[in-house]
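Peer 1: Pulled the feature table from TrEMBL, pasting it below:
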BINDING   3, 4, 5, 6, 7, 8, 108  ATP binding site
BINDING   7  Mg(2+) binding site
BINDING   25, 70, 125  substrate binding site
């Protein structure tokens, strides 16, 4: 989900573990030369999803902490690629936490169906995250450092 802390935690975790860090949203923006939301607005959700899946499946995951976009769980072959080469960590936070952290969902580069709300998206994705994850870290109320400690304990 957006605003769960993936990128912030990922950067610090990678430094702590002496690994490199990749944010797939940034890779997509670099590949396309445009911000995620602008890409979705100009080329549509279907095009964005094709690009996102391609980027996810082409990443060399060795010795790397990767922050994926929240929609990564929609691509079974990408999930399989990550599971085969590492561990998938789900940073679990409540809907209320995400809602409070998000300033403006319409500028975040989130693919949503017409009329879909953040709550709809949350309810749809949570079971997918739980099914895909090798490790689940309950991060509500934890600091970045505490969340990282939990991840390190569990991997």
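Any Cβ shown, glycine's included, is placed from N, Cα and C.
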Peer 1: Please list, in sequence order, every residue of the chain apart from 25, 70, 125 whose Cβ lies within 8 Å of the Cβ centroid of the substrate site.
Peer 2: 1, 2, 68, 69, 71, 72, 73, 110
Peer 1: Rounded to a whole angstrom, what is the C-alpha distance between residue 4 (ATP binding site) and residue 70 (substrate binding site)?
Peer 2: 9
Peer 1: What are the non-local neighbours of residue 5 (ATP binding site), defined as same-chain residues 6+ apart in sequence with CB under 8 A from its CB?
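Peer 2: Non-local contacts for residue 5 (ATP binding site): 91, 93, 139, 144, 147.
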Peer 1: Compute the C-alpha separation of residue 7 (ATP binding site) from residue 70 (substrate binding site), stating it in Å without decimals.
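Peer 2: With the alpha carbons as reference points, the distance is 11 Å.
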Peer 1: At the Cα level, what's the spacing in Å between residue 6 (ATP binding site) and residue 25 (substrate binding site), rounded?
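Peer 2: With the alpha carbons as reference points, the distance is 11 Å.
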Peer 1: Quick one: give me the count of other CB atoms within 10 A of the CB of residue 6 (ATP binding site).
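Peer 2: By my count, 22.
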Peer 1: Would you measure the largest Cα separation among 25, 70, 125 for the substrate site and round it to whole Å?
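Peer 2: Per the listed residues, the maximum Cα distance equals 18 Å.
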Peer 1: I need the CA-to-CA distance for residue 8 (ATP binding site) versus residue 25 (substrate binding site), whole Å please.
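Peer 2: One finds 13 Å between the Cα atoms of these residues.
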Peer 1: Can you check what DSSP calls residue 3 (ATP binding site), collapsed to helix, strand or coil?
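Peer 2: Assignment for residue 3 (ATP binding site) reads coil.
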Peer 1: What number of additional C-beta atoms lies within 10 angstroms of the C-beta atom of residue 70 (substrate binding site)?
Peer 2: 22
Peer 1: Let me check the 10 A CB neighbour count of residue 3 (ATP binding site). How many other CB atoms are there?
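Peer 2: Step by step: centre on the Cβ of residue 3 (ATP binding site), count other Cβ atoms within 10 Å, giving 20.
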Peer 1: Do you know offhand how many angstrom separate residue 70 (substrate binding site) and residue 3 (ATP binding site) by C-alpha?
Peer 2: 9
